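> Got a structure here, written out as structure tokens. Questions coming.
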Amino acid sequence: MAALLASQSCCYGGETARVTKAIGFSSSLENHFTGEATQCYGSKSKRFRIEMRQSELPSKVGINGRSVKMVPASEVVKRKDGVNGSAGKGVNGASLVSSRNINGAASTLVKAPKKTTESYLPPPVEGVRVLPSDEGFSWADENYSSLQRSIDVWSFVISLRIRILFDNSKWAYVGGFTEEKQKSRRRETASWLRESVLQLGPTFIKLGQLSSTRSDLFPREFVDELSKLQDRVPAFSPEKAKRFIEAELGAPISVMYKEFEEQPIAAASLGQVHRAVLHNGEKVVVKVQRPGLKKLFDIDLRNLKLIAEYFQKSESFGTNDWVGIYEECALILYQEIDYINEAKNADRFRRDFRNINWVRVPLVYWDYSAMKVLTLEYVPGVKINNLDALAARGFNRSRIASRAIEAYLIQILKTGFFHADPHPGNLAIDVDESIIYYDFGMMGEIKTFTRKRLLDLFYSVYEKDAKKVMQNLIDLEALQPTGDLSSVRRSVQFFLDNLLSQSPDQQQTLAAIGEDLFAISQDQPFRFPSTFTFVIRAFSTLEGIGYILDPEFSFVKVAAPYAQELLDLKQRQRSGTQLVQEIRKQADDARSSTLSMPYRVQRIEEFVKELDSGDLKLRVRVLESERAARKATILQMATMYTVLGGTLLNIGVTFSNQGSQLVANGSFIGAGIFMLLVLRSMQRVNKLDKFEKMI
């Protein structure tokens with residue numbers, strides 16, 4: 001949503017900040033004054049009075065370069081009556097309210113003209129196409145049919161399922177099956193998937209972006225293609241945006257904003273961003289949600305839940321917890337369209353970095369925000385990957401790259417609250433080389449106990465102890481403790497040996513390490529939580545940005561002080577209470593083993609007695625021969641279905657040409673049934689092939 005904000009740094013370069021005495025929710029208040037309005041707007045907005053009091057909060061610096069004070073919403077009191085119970089005076093959009101000076105004397109501000117010769121806003125942003133309200137995608141219509149939307153969703157799912165089936169079926173390749181042919185066909189399917197997702201709109205665009213972080217669930221070709229997914233759709237009309245803002249905030253645009261730029265500066269599937277100016281001169285951005293989005297999410301997620309439940313029951317989709325994955329995605333999607341939640345995230349993120357002067361977070365204007373409308377401080381900057389603009393301003397790109405990684409390490413290791421989508425569109429650079437963060441709809445939180453387990457995992461990796469690594473992964477619910485885990489232990493040990501035995505010049509990138517982790521998970525019972533994948537993805541993205549900014553960039557050098565701090569902390573803990581706890585735990589384990597020893601000896605004696613008496617029977621089955629025979633039977637049935645289906649198809653064509661439409665239709669239906677049976681047979685063959693690879 002904030003992708004174009006970063007390109008606006010030059011808009012205010014020579015403009016002088018204007019100091020006004022109009023109403024200011026974040027400006028310095030020297031006077032206690034009241035404002036009255038009688039503008040009637042539907043049932044939501046009646047006559048009201050806004051009363052402001054002098055703030056005692058610490059001063060901060062606003063975007064206009066002047067000292068401001070943050071006034072909480074509790075300082076704003078709305079009343080229907082006048083100051084003394086009398087009717088209030090009316091204002092239009094350009095009017096300023098009546099006020100009282102510091103001595104209590106009443107003073108009236110003169111109504112401003114409706115049109116000014118000089119605007120507070122910079123020139124409009126080009127390149128954002130506005131979609132008229134009566135055109136566009138089917139999902140953009142607020143009155144779309146729920147039934148038609150469900151049909152569109154299921155048509156997409158069935159088409160994707162058929163494509164994947166043919167991609168994975170060896171018999172579907174002309175001239176024989178090869179891995180290169182399969183990869184090429186998968187790339188074509190992935191490209192089709194990306195375009196289809198864009199056509200289906202907001203729900204599927206966001207799900208596609210989430211899926212691009214899950215290399216542990218989806219083929220590499222799909223992940224690579226979905227990572228290119230750009231959330232760019234035409235903006236909806238300014239008239240619709242203004243009506244929506246007025247309905248959500250309960251007052252006309254002109255009462256809330258001194259100026260409101262109709263042309264959006266950014267547009268995405270979930271909404272769009274407009275620039276505006278408050279009556280006190282503060283420049284802000286207004287994030288407006290696309291109308292009807294909640295209804296669309298409800299319909300799509302209801303259908304996707306049915307699909308997830310089908311995947312969960314089907315053996316052909318593996319042992320992944322598809323219902324759990326669906327629930328994670330649904331939670332993330334609903335959080336993204338809750339702008340109150342996003343505002344809270346922004347405030348919390350701002351507090352976390354309040355003592356770090358090289359990180360900037362836009363201020364939230366709570367009195368101009370609601371569930372579907374969010375007003376933020378306008379903080380323009382240079383897009384972090386715009387190398388030409390960075391060079392033109394003489395910025396130190398190496399320092400910027402290091403700061404981007406360091407800020408994320410602080411989020412993961414110290415605050416536990418991190419930005420889950422730090423792509424270049426959500427990161428910009430201020431004039432003092434500070435990093436500006438945008439868009440706080442998708443955030444992640446690492447709870448205290450989870451952070452402790454992650455630290456234990458880090459220590460286990462450092463010690464190259466595969467057994468401890470596995471136990472920590474089980475504690476993190478990233479590894480399912482089912483069956484024999486000896487193969488998992490060997491895979492983990494191999495990964496540790498390769499990771500830690502390299503020289504500094506041979507260190508893998510974070511993206512390569514992440515790919516190795518997810519490659520292991522393809523054949524092992526791993527189930528990485530979404531938080532884990534978000535962290536890996538974010539670090540990979542930031543590392544890529546680091547290499548773009550500075551070819552000599554090294555993640556290891558930036559992270560080394562933090563890693564050393566963690567190791568020092570571990571050593572201090574080992575010398576204290578943790579050492580006592582470990583000794584006590586080992587003593588408990590030894591006592592349990594000693595107490596269970598007689599039972600184990602008894603079981604061994606019983607086994608030996610059965611073996612001596614001949615009561616122990618061993619049953620051996622030739623499994624390979626059985627599987628081969630079963631596969632041959634399935635292929636024979638598939639061949640028979642194909643012949644019968646082809647015969648009925650020919651009969652149908654013949655009778656159709658002769659005018660016997662009833663017989664022809666029956667033949668076509670029969671041919672379709674046999675074709676479905678053929679597909680079912682091929683699916684069973686694929687299951688057998690996968691089973692053979694697992695043993």
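Backbone N, Cα and C define each Cβ position, glycine as well.
Sharing the record's features from Swiss-Prot:
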DOMAIN    259-589  domain 'Protein kinase'
BINDING   Ile265, Ala266, Ala267, Ala268, Ser269, Leu270, Gly271, Gln272, Val273, Lys287  ATP binding site
ACT_SITE  Asp421  active site, proton acceptor
TRANSMEM  633-653  transmembrane segment
TRANSMEM  659-679  transmembrane segment
> Compare all C-alpha positions of Ile265, Ala266, Ala267, Ala268, Ser269, Leu270, Gly271, Gln272, Val273, Lys287, the record's ATP binders, and send over the largest distance in angstrom.
14
> In sequence order, what residues of the same chain, 6+ apart, have a Cβ less than 8 Å from the Cβ of the residue listed as 'active site, proton acceptor'?
Gln209, Asp439, Met442, Ala538
> If you average per-residue pLDDT over the domain 'Protein kinase' (259-589), what number do you get?
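Over the domain 'Protein kinase' (259-589), the predicted model scores a mean pLDDT of 81.
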> So, three-state DSSP: helix, strand or coil for Ser269 (ATP binding site)?
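The three-state answer is coil.
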